[in-house]
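Novice: Handing you a structure now.
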Amino acid sequence: MTGFNQKVISERKLTVLVLLILLISTGFFFSLYSWYTDLIFQNMLTMASFLLSGFVGIMAFIKFFTRKKNKYLFIGSGFLVASFLEGFSTFVSFELGSTVWSAARILLGAFVLLSLKDWKEGEGIQKGLKPRVYISAAFSAVLIIGAVYLLPTYSPYWKFIIFSRPLELVAMALFGFAVLGYWQKGYWTFKFFEFWFVLSLITAFFGQAYLAMSANYFDSMFNVGNIFRLLSYLFTLVGLLMSTFAAFREIEAEKKIQAGYTSGEYLVKRTK
């Protein structure tokens with residue numbers, strides 16, 4: 001937590017603006033420039049995404065069990081299920097795997113949107129919430145895997161206006177609503193995690209938009225969309241790590257206060 005500091009808020013607004021410019025300009029550039037990759041490159045991205053999303057999920061649960069805030073329960077569950085599904089996608093054909101990614105992103109977007117419940121309903125552990133979230137996450141994962149086997153010939157590519165992968169629009173909408181929710185919440189102005197999470201959600205939104213405009217596997221927009229997926233995970237991880245570090249600093253400061261030192265007295269003691 002940084003406190004209400006107008007300079008920090010201005011810097012964060014500028015960071016968001018710069019990120020938006022970079023994301024839009026990157027998409028525009030690669031819509032004109034052909035960049036085709038192969039299956040090996042995509043498998044590397046999938047493995048990196050699997051590991052990174054799993055680590056983010058674990059970190060979110062550590063925050064949940066230490067800070068007792070429901071948002072981390074939903075975020076952690078969403079990322080762990082997404083990680084599980086991305087891991088599962090490596091055991092099926094690439095075409096089916098890409099459909100699993102799309103479903104995983106929809107599920108993650110839904111859980112991220114649900115993480116705003118604690119803001120609307122008050123923070124703290126709600127009785128019976130954990131098992132409901134766990135069961136919902138597990139059931140959703142099983143449902144997605146079942147759908148993949150029941151619809152093995154489904155192709156994510158079918159034309160809808162200017163979009164060639166319209167299924168990606170569902171996750172894009174969910175991430176877009178989540179951006180608006182977390183922005184309106186306003187905690188990004190003074191909390192490390194919420195600021196980086198807003199950056200993550202914005203990146204995820206554009207990643208889904210570019211995936212939706214992909215004309216075929218391995219083309220420029222497909223590659224950019226998947227790289228933005230990784231970048232969004234990385235932003236969330238940075239936010240969790242910075243929030244954890246800030247929490248440790250707060251604990252140390254509280255210990256100093258409990259020991260009877262004011263900040264000035266502690267400084268004098270250190271300089272003696």
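Note that Cβ sites are derived from N, Cα and C of the backbone, with glycine treated the same way.
The following feature annotations were taken from TrEMBL:
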- 14-33: transmembrane segment (TRANSMEM)
- 45-65: transmembrane segment (TRANSMEM)
- 72-94: transmembrane segment (TRANSMEM)
- 100-119: transmembrane segment (TRANSMEM)
- 131-151: transmembrane segment (TRANSMEM)
- 157-183: transmembrane segment (TRANSMEM)
- 195-218: transmembrane segment (TRANSMEM)
- 230-248: transmembrane segment (TRANSMEM)
Novice: Under 8 Å for C-beta pairs, could you tell me which stretch among 45-65, 72-94, 100-119, 157-183, 195-218 has the largest tally with the transmembrane segment (14-33)?
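Specialist: Maximum Cβ contact count belongs to 195-218.
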Novice: Can you tell me which recorded stretch out of 45-65, 72-94, 195-218 has the most Cβ pairs within less than 8 Å of the transmembrane segment (157-183)?
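Specialist: Going through each listed stretch, the top one turns out to be 195-218.
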Novice: Taking the transmembrane segment (45-65) as the first stretch and the transmembrane segment (195-218) as the second, find out whether 3 or more Cβ pairs fall under 8 Å, excluding pairs closer than 6 in sequence.
Specialist: no
Novice: Mind checking which residues of the chain, 6+ beyond the ends of the transmembrane segment (72-94), have their Cβ under 8 Å from one of its Cβ atoms?
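Specialist: Non-local partners: 39, 42-43, 46-47, 49-51, 53-54, 56-61, 63-64, 100-101, 103-105, 107-108, 110-112, 114-115, 117, 129-130, 133-134, 136-138, 140-141, 144-145, 148, 197, 217, 233, 236.
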